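According to Swiss-Prot, the features are:
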{"type": "BINDING", "residues": "C334, D336, H494, C509", "note": "Zn(2+) binding site"}
Amino acid sequence: MLHSPIPTKADPMIFEAAADRAARAIPPVWPLMSSVAVNPFLGQAGETLAKAGARLARVAGIAITMPRHWYQQKIDTGEISDADLLAALACAPADLRPIDLAALKAAAALNPPRPQALASVADLAARASGVDWPGLLTERLGAWMAGYFDEGQALWAAPRGKSAYGAWRAVATHDLTPEIAGLRGFARHVSEAPETAMAVIARVCTRLDLPVEALETYFHQMLMSLGGWGQYARYKLWQAELAGGSDQTITDLLAIRLIWEEALFLRYGDQIGEAWAHVRVAHAAPVVATPDLMIDAILQDAAERAAQRELARILAGNAPQIHETRPLVQAAFCIDVRSEVFRRALESLNPQIQTLGFAGFFGLAASHRRFASDVAESRFPVLLNPALKSRAGGPYRAEDAEPQRIKARAKRAWGRFKLAAVSSFAFVEATGPIYVGKLLSDALGLPHASAPNDPAPQLDPALDLASRVKAAGAVLRAMSLTTGFARLVLLAGHGANTVNNPHASGLHCGACGGYSGEVNARLLAALLNDPDVRAGLTETGMAIPQDTLFLAALHDTTTDRVTLYADDHPCQTHEADIAQARTWLADAGRLARGERALRLPRAADETSISKRSRDWSETRPEWALAGCKAFIAAPRSRTATKNLEGRAFLHDYDWTQDKSFSTLELILTAPVIVASWISLQYYGSTVAPEAFGGGNKLLHNVTGGIGVVEGNGGLLRAGLPWQSVHDGQNYMHEPLRLSVCLEAPVAAISEVLGRHDGVRALFDNGWLHLFTLNEEGSIAWRYNGGLQWVPIDDTEDAEQRSKLKVAV
């Protein structure tokens with residue numbers, strides 16, 4: 001195959017375009033303080049699983065499906081049936097799939113070698129010299145990036161004001177470590193490098209004689225070799241573009257990594273030239289799936305079809321009888337899968353308790369400042385920009401916050417003193433005895449963490465009445481809650497209480513940007529209790545009964561305890577309702593804890609659950625969203641009483657009330673995308689923990705205040721820690737792509753997909769599965785790609801299956 005050499009005076013756009021594509025192939029990672037789940041395959045959404053597998057095998061040496069023995073075990077136990085295998089086989093391209101079921105089963109019994117990435121110049125230099133150049137550059141770059149990206153943790157703060165490339169050059173020209181290891185003249189090489197990152201990239205590519213076709217996957221490989229540091233730089237680009245700007249940090253990191261490649265090539269080029277020529281050709285070749293990768297994709301599809309069969313069986317069960325009487329209480333929870341267990345427990349206590357599911361930020365994208373804080377917390381999905389600003393309110397004067405500010409400053413100063421370059425060495429000896437009491441208290445798990453209880457939040461600046469009415473109406477319509485209001489309506493955000501857990505924010509509400517959801521719930525409750533807003537809603541045809549009280553709550557997913565913010569809206573007429581609600585919530589918590597205890601290691605019963613949240617040695621305080629496999633948007637009556645085992649996102653939706661299908665469009669473009677990020681993060685952290693997992697919690701050290709490394713340095717580890725998906729013996733997350741089930745007309749769903757190419761790509765390329773439910777709640781149609789649908793029919797034979805075209 002002929003490849004296009006880079007001209008001596010190449011158009012800079014060639015390099016810029018390739019660098020930009022490589023950067024967008026990297027998933028972003030949010031800092032620990034507000035970490036959220038991210039789809040690690042975000043940059044491969046336009047490819048099928050098999051093709052993405054080929055790409056990631058080339059650039060990172062990872063497999064993005066499970067080892068074949070995992071599927072073989074499911075085949076042996078009958079969990080994956082022959083019908084599942086046949087259906088998945090029929091969907092695969094004929095030129096790559098096994099010829100028949102027997103051949104597929106024979107392939108499933110084999111264990112092909114795991115993929116190997118193409119060698120970098122550093123890899124080839126290591127083989128030629130015996131020096132671990134990949135390890136050395138990882139160590140040196142990791143140490144520098146920890147300082148450069150530091151958010152206040154480093155002993156010595158890195159100089160500010162320079163680009164990443166400029167800051168690195170200032171350090172690298174004085175770092176003799178590479179030269180001591182054998183890379184003579186490295187500091188001078190760096191000092192003589194071009195002044196801009198793009199000029200560096202152009203020079204290195206020319207010197208390495210890279211064909212134009214090789215640039216994208218080679219650049220992708222270089223950024224993947226930086227681990228979480230590259231992902232954090234991608235986050236900076238994401239945030240900048242969300243605000244309408246741009247950021248060059250990830251391009252700078254690419255240039256830095258390429259300077260190492262160039263220096264090593266100049267040093268060892270004579271010894272590695274032939275091997276490097278083969279690598280160049282391999283990078284320039286088109287990315288295509290191999291028969292082995294297609295077999296893996298077929299087996300993955302079959303495992304998902306088996307799970308979908310089980311989901312269809314559960315949903316086809318008898319629906320509960322709908323009570324026409326007014327509910328005693330309604331409770332709206334986040335769609336988070338952890339709410340499913342609690343909602344089912346709560347509804348079991350009284351048939352007149354009704355629960356609903358809605359995105360946990362309750363439709364209010366607020367940038368919030370807590371009491372006495374100058375930090376603006378983005379309490380909304382990371383896909384959005386803030387639409388509102390809020391702050392902790394209450395009947396206090398501005399000067400009342402000053403003592404809290406002084407206390408916070410003193411705490412920060414004390415923290416800096418503990419970490420300072422000089423004082424840190426004497427800190428333990430000088431102040432250690434002061435901490436004896438705290439150490440004993442923490443070791444015994446004595447502190448009982450309380451729910452956040454700032455003064456009730458308020459919008460600042462306040463919205464005018466018309467805007468408040470519009471916002472309230474939009475939220476209620478999106479919740480499909482426009483009639484049939486109970487006397488007491490609870491709006492329950494969720495959060496988690498854990499100790500000694502750098503990933504604590506990952507247990508909070510993803511829809512709230514990695515924060516707990518009480519602020520959004522309290523803001524909405526205040527909005528819906530406003531008499532003027534209610535009067536305005538009545539004029540629009542949405543009448544809320546005068547005796548309905550909205551009350552915010554916070555569901556602690558670690559302990560299944562619920563805090564009611566009753567003091568926000570004192571109401572003597574509802575004291576009995578609130579007291580009864582507290583009793584029901586406490587009883588539901590006990591039931592939910594009992595069910596969750598069955599899955600948690602060393603959890604004897606429901607009473608042991610609370611202790612886990614206060615145990616600083618506990619690496620698994622809760623399973624969070626491990627096990628998630630389905631997203632269901634339908635009336636609650638379709639899923640009520642059906643045990644979905646805490647594995648389904650549940651969003652209330654009544655398409656008959658959605659005349660323009662604007663709510664359907666909102667669901668497909670927001671909650672479904674957030675759920676897909678969560679599902680695919682768990683998937684990636686399970687199938688490829690070396691690239692997309694957070695590593696071992698027992699080895700974690702927080703670095704820069706933004707992430708964790710294993711040990712004392714190296715690559716930032718992004719993704720979920722191993723303890724979040726595995727209990728030490730078995731996987732607690734089953735890596736399955738999310739099955740999205742919508743009760744809505746097929747034509748309406750297709751119309752929405754036709755308007756949103758990015759959403760459609762996720763379904764067309766198989767990163768998500770899509771189904772419709774009928775009016776009985778049973779799965780009726782499967783999306784077949786290309787805006788085509790096929791009916792679900794258990795009697796479907798192999799000939800009919802051969803017509804299916806869903807991507808694998």
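Here the Cβ of each residue, glycine as well, is placed from N, Cα and C on the backbone.
DSSP gives C509 (Zn(2+) binding site) a strand state.
Each of F333, I335, R338, S339, G360, G493, G495, H508, G510, A511, C512, G517, H555, T557 belongs to the same chain as C334, D336, H494, C509, is absent from that list, and has a C-beta within 8 angstroms of the C-beta centroid marking the Zn(2+) site. Residues near D336 (Zn(2+) binding site) in space but far in sequence (CB under 8 A, at least 6 apart, same chain), listed by position: G360, H494, C509, G510, T557, L625, F649.
Cβ neighbours of C334 (Zn(2+) binding site) (same chain, under 8 Å, six or more residues apart in sequence): G357, F358, A359, G360, A492, G493, H494, C509, A511, G517, H555.
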